[in-house]
Amino acid sequence: MRFTFGKGATGQQLSTTAPLLRGLGTAGQPAAPSPGGGTFTDAVRRNVALGRLEDMVAWGRKYSIWPFNFGLSCCYVEMATAFTSKFDIARFGSEVLRATPREADLIVISGTVFVKMAPVIKYLYDQMLEPRWVISMGACANSGGMYDIYAVVQGADSFLPVDVYVPGCPPRPDALLEGLMLLQNSIGSERRPLSWLVGPNGAEKIERPSFRDLKHQERQAAGSLPTPDSV
């Protein structure tokens, strides 16, 4: 906001912005318009950001997701491609790949999850910072894919709380970016602090219901699937 000063009829220094700051004119009338137009309230709205603390925290979290540099098989190639200049994942604030799970809050399960690898993934997930999120990328991570055998876990959600599923074999980098945007929307709409409660074991987070479970009956009742061109 700009402040200007001038001299009155008696030679006294007067501020031409003071009536605007007080919100009243010299004769009790509404303040004169500011240089940008509008009243004092309008000037405050243009120059001061107002909001709730939980909204500011949600805004900061959704645009500063730190993914863990972790991959399993071919889907990791598409994940790595999303970090190149062509797709530019930095637009969404998630370009900071962390080399240790202790500095990350997002893990992307990109590839086939073998039974021997599941305990390792769970161990890495337990070391991540709270709050933490999981993206299941590709058909193998979502449901085992084409490997319906004893050595492959049939879905990463059998041992991890998956937040977003990205379909495809393998999914394009664009699909991963769309999944990241869905995760950001979920993070931004999360209630705070009502989503955390103090229980017998300390602060506990109320788990959101899984859309996979909520839409299970709807998917089972589907008689026909749309063609890939119509999706």
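Easy rule for this one: first residue shown is 1, then count along the chain.
Keep in mind that glycine also has a Cβ here, set from the backbone N, Cα and C atoms.
These features come from Swiss-Prot:
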type	residues	note
BINDING	Cys74, Cys75, Cys140, Cys169	[4Fe-4S] cluster binding site
COMPBIAS	207-219	compositional bias 'Basic and acidic residues'
REGION	207-231	region 'Disordered'
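Comparing local CB density within 10 A for the binding-site residues Cys74, Cys140, Cys169, the maximum falls on Cys140. Helix, strand and coil counts from DSSP across the region 'Disordered' (207-231) read 12 helix, 0 strand, 13 coil.
Counting every protein chain shown, 27 other Cβ atoms lie within 10 Å of the Cβ of Cys75 ([4Fe-4S] cluster binding site). In this structure, Cys75 ([4Fe-4S] cluster binding site) is part of a helix by DSSP.
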